[in-house]
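J.: After the structure tokens below, expect a handful of questions from me.
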Amino acid sequence: MRIDIVTIFPEFFSVLDVSLLGKARVDGLLDVHVHDLRSWTTDRHRTVDDTPYGGGAGMVMKPEPWAQALSAVLRDDGSSTLVVPTPAGRPFTQAIARSLAADTDHLVFACGRYEGIDARVFEWAASRCSVVELSLGDYVLNGGEVAAMAMIEAVGRLVPGVVGNPESLVEESHEDGLLEYPSYTKPAVWRDLEVPDVLLSGHHARVAAWRHEQQVERTRRVRPDLLPDDTAR
Ligand SMILES: NC(=O)c1ccno1
């Protein structure tokens with residue numbers, strides 16, 4: 001999978017050189033390129049923003065640098081997906097992460113700052129690629145970079161080969177519509193707190209049943225909204 005990121009803070013994404021995603025880049029599983037939006041400005045001050053039409057506080061990102069930048073990174077065949085992290089987007093979920101990891105091989109992240117990017121950029125881009133506006137949650141960040149980083153990690157880790165043991169991707173929160181069960185490791189007793197006996201029983205069927213019960217109980221307690229209506233909440 002190729003990932004292009006357009007931002008005015010390219011240094012923000014140096015973290016993509018470490019850990020699993022960093023190794024995936026070295027292994028050629030992820031091909032990540034970070035671009036400075038200001039590379040596509042033409043004035044001495046490398047201006048990327050201006051005052052909003054209609055008035056209001058803050059500044060809006062100018063359309064032309066974005067159009068130049070996206071023209072340089074979007075594929076000509078329309079196969080790119082432009083991801084716009086924004087609080088005004090659809091909620092980013094594990095299902096969306098799975099879909100992006102499985103169905104796209106080129107993601108372009110447009111990281112806005114200030115009050116956002118001139119809306120015409122996305123109208124223009126929609127004739128050249130799929131445009132998806134996605135929100136990390138119902139809160140506002142100072143820009144799209146933190147959200148893009150989270151989305152890149154959530155999608156990148158699902159690309160085959162990035163996570164060493166694919167089994168570890170299966171029993172995770174939201175993979176089956178439930179929150180994950182609690183996990184334990186040695187010692188069996190720690191500060192007078194014991195690991196549940198069933199996990200020491202070696203009885204795989206009982207362990208599996210207990211873990212599912214824990215998932216349902218935790219989901220009912222913490223995220224009842226995730227449970228189907230016909231499940232007793
Ligand atoms: N909630 C979000 O995804 C977001 C992106 C930029 N600011 O907030």
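Numbering starts at 1 and runs along the chain as it is shown here.
Glycine is no exception: its Cβ is also placed from the backbone N, Cα and C atoms.
Any TrEMBL annotation is an automated prediction that lacks curation.
According to TrEMBL, the feature S-adenosyl-L-methionine binding site maps to GLY112, LEU136, GLY137, ASP138, TYR139, VAL140, LEU141. Annotation comment: TrEMBL describes 1-227 as domain 'tRNA methyltransferase TRMD/TRM10-type'.
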J.: For the binding-site residues GLY112, LEU136, ASP138, VAL140, LEU141, which sit with their CB under 6 angstroms from an atom of ligand 1?
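T.: So the answer is LEU136, VAL140, LEU141.
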J.: Taking only same-chain residues 6+ apart in sequence, whose CB is under 8 Å from that of GLY112 (S-adenosyl-L-methionine binding site), what do you get?
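T.: Long-range Cβ contacts: MET61, VAL84, PRO85, THR86, GLY143, GLY144.
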J.: Just jot down the residues in the same chain as GLY137 (S-adenosyl-L-methionine binding site), at least 6 apart in sequence, with C-beta under 8 A of its C-beta; none if empty.
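T.: Within the chain, GLY137 (S-adenosyl-L-methionine binding site) has Cβ neighbours under 8 Å at PRO91.
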J.: Grab the pLDDT values for the domain 'tRNA methyltransferase TRMD/TRM10-type' (1-227) and give me their mean, rounded.
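T.: Averaged over the domain 'tRNA methyltransferase TRMD/TRM10-type' (1-227), the predicted model reaches a pLDDT of 95.
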J.: Among the binding-site residues LEU136, VAL140, LEU141, whose Cβ has the fewest other Cβ atoms within 10 Å?
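T.: Each of the binding-site residues LEU136, VAL140, LEU141 was scored by Cβ atoms within 10 Å; lowest is VAL140.
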J.: Please give the maximum pairwise Cα distance, in Å and rounded to a whole number, for the S-adenosyl-L-methionine-binding set GLY112, LEU136, GLY137, ASP138, TYR139, VAL140, LEU141.
T.: 17
J.: My understanding is the cutoff is Cβ-Cβ under 8 Å with a sequence separation of 6 or more in the same chain; which residues meet that for TYR139 (S-adenosyl-L-methionine binding site)?
T.: PRO87
J.: Restricting to the chain of ASP138 (S-adenosyl-L-methionine binding site) and a gap of 6 or more, list residues whose Cβ falls under 8 Å of its Cβ, or answer none.
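T.: Those within reach of ASP138 (S-adenosyl-L-methionine binding site), by Cβ under 8 Å and sequence separation of 6 or more, are PRO87.
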